Amino acid sequence: MHMQSPIQRRKSRQIHVGHVPVGGDAPIAVQSMTNTDTLDVDATVAQIRQLEAAGADIVRVSVPTMDAAEAFGQIKRQVSVPLVADIHFDYKIALRVAELGVDCLRINPGNIGREDRVRAVVDAARHHGIPIRIGVNAGSLEKDLQKKYGEPTPEALVESAMRHIEHLDRLDFQDFKVSVKASDVFMAVAAYRQLAQRIDQPLHLGITEAGGLRSGTVKSSIGLGLLLMEGIGDTIRVSLAADPVEEIKVGYDMLKSLRLRSKGINFIACPSCSRQNFDVIGTMNALEERLDDIMTPLDVSVIGCVVNGPGEAKESDIGLTGGDPANLVYIDGKPASKLRNDHLVDDLEALIRDKVREKEARERDTIAREA
């Protein structure tokens, strides 16, 4: 029920990673990367399916060897979400996964090798209709740029990216996106800002090696949040030393917070205090776990008392305000019913699921009328 995002997104050309449009007016895509051994086909397929179930639009898979490339081919046949092959050092691996049906090739200019090798990769991508991601990273800049700048800088990242963008331009290849990642928030943000002024290709955002679940979430939220608020970014990956599914959850929470994209429930909850009339934290933990399967966008407020509860509830699809002797439930901004604490989570879950079904039915009717 909240207003649309005021953010004006940067104009970028559109490419497709598999069936997913990236750039232009397409929704910002949320991406993650497997952390299984790619040679373990079953484990990698299982993780990709978990990521897809969590809402991943695109999944990147590391392909470090030719044996891994063959395993990638088996993996690709068993999943439906678009896959990006992460290639370093050996360009021949990129040529092989292109033959095996990869949806996008990620190459690192700092280690892929001579221009003739890049040309071979571009020729393969063109032949198979595959986009490329130029993935520049502060930790693996070309040696001449390391010598020129002395240390990684935003300017070094952008120069590396532009060097290879210009190479693709000379080869008349425009089907690519670009990233300029660093673990330092200031460096990454500055590099992306500079690059956004110079090219119109889609930008893949990320703070590389951001850290564990807590610290990585904070660092990524600051860096990516700054850029997204400026309209910069067409795909995102929240890099966490954690279960990759958490990357998807954090990514969507980030986009929901900026009203750029909604998937699943957007919870508004107070931190609780002595005025609470029910266990706010316990209720929230239970609801988040139970309703993790819902993908339909919905605003749900859970507020422990009447100080802010009614105001938040009036702006939510469903709002719970703590009260004595019973808690008040708002639906579509209007008081609807009262719930006691005895079965609060069960009753609230049922109301939320009913609202989701109602919203989904309304959307189906709208689609049917417009067909």
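Including glycine, each Cβ sits where the backbone N, Cα and C put it.
Swiss-Prot has this to say about the protein:
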- CYS270, CYS273, CYS305, GLU312: [4Fe-4S] cluster binding site (BINDING)
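Sequence-ordered, the extra residues of this chain that approach the [4Fe-4S] cluster site, with Cβ no more than 8 Å from the Cβ center of CYS270, CYS273, CYS305, GLU312, are PRO271, SER272, ARG275, GLN276, VAL280, ILE303, GLY304, VAL307, ASN308, GLY309, GLY322. Taking the Cβ of CYS270 ([4Fe-4S] cluster binding site) as reference, residues of its chain lying under 8 Å away and at least six apart in sequence are, in sequence order, GLN276, VAL280, VAL302, ILE303, GLY304, CYS305, ASN308, GLY309. CYS273 ([4Fe-4S] cluster binding site) has a Cβ environment of 10 other Cβ atoms inside 10 Å. Shown in sequence order, ILE268, SER301, ILE303, GLY319, THR321 are the residues of the chain, 6+ apart in sequence, with a C-beta less than 8 angstroms from the C-beta of GLU312 ([4Fe-4S] cluster binding site). GLU312 ([4Fe-4S] cluster binding site) falls within a helix when secondary structure is assigned with DSSP. A sphere of 10 angstroms centred on the C-beta of CYS305 ([4Fe-4S] cluster binding site) encloses 21 other C-beta atoms.
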